[in-house]
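Quick look at what Swiss-Prot lists:
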BINDING   27, 29, 49, 52  Fe cation binding site
DOMAIN    5-61  domain 'DPH-type MB'
C-alpha cells in the first residue's frame, strides 16, 4: 500500500531545536511535525506529527548526515533557540 504524505518539505525550511536535536515544521492541526538528527542519519525521511496522523516527507541530502558531522547543524536551517531569544528581545 503506498504511503500518502501530506506534503514534501525541504530540510532547509524546517526549524532546528539544538537542545532536543530535533527538526520541526508546523502541522495544520496546530502541533509540529518532528524528525530527529539520528533519523536523518539513518536515511529516514518521514517526519510525523505527534498529535495527528499526518506525515510529511523531508527532502534532504544524506551526505550532510554522514559520520563526522554529528556536532554541526545543517546549513540554512532555522535555529529555534535563536528565534526565542530574538523574540524575547
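Note that Cβ sites are derived from N, Cα and C of the backbone, with glycine treated the same way.
In this structure, the binding-site residues under consideration are 29, 49, and the one with the smallest number of other Cβ atoms within 10 Å of its Cβ is 29. Of all Cβ atoms in the shown protein chains, 21 besides its own fall within 10 Å of the Cβ of residue 27 (Fe cation binding site).
Residues 28, 30, 31, 32, 33, 50, 51, 53, 54 surround the recorded Fe cation site, their Cβ atoms falling within 8 Å of the Cβ centroid of 27, 29, 49, 52, which are themselves excluded.
Around residue 52 (Fe cation binding site), the C-beta neighbours below 8 angstroms that are at least 6 residues distant in the chain are 27, 29, 31. Secondary structure at residue 52 (Fe cation binding site), as computed by DSSP, is coil.
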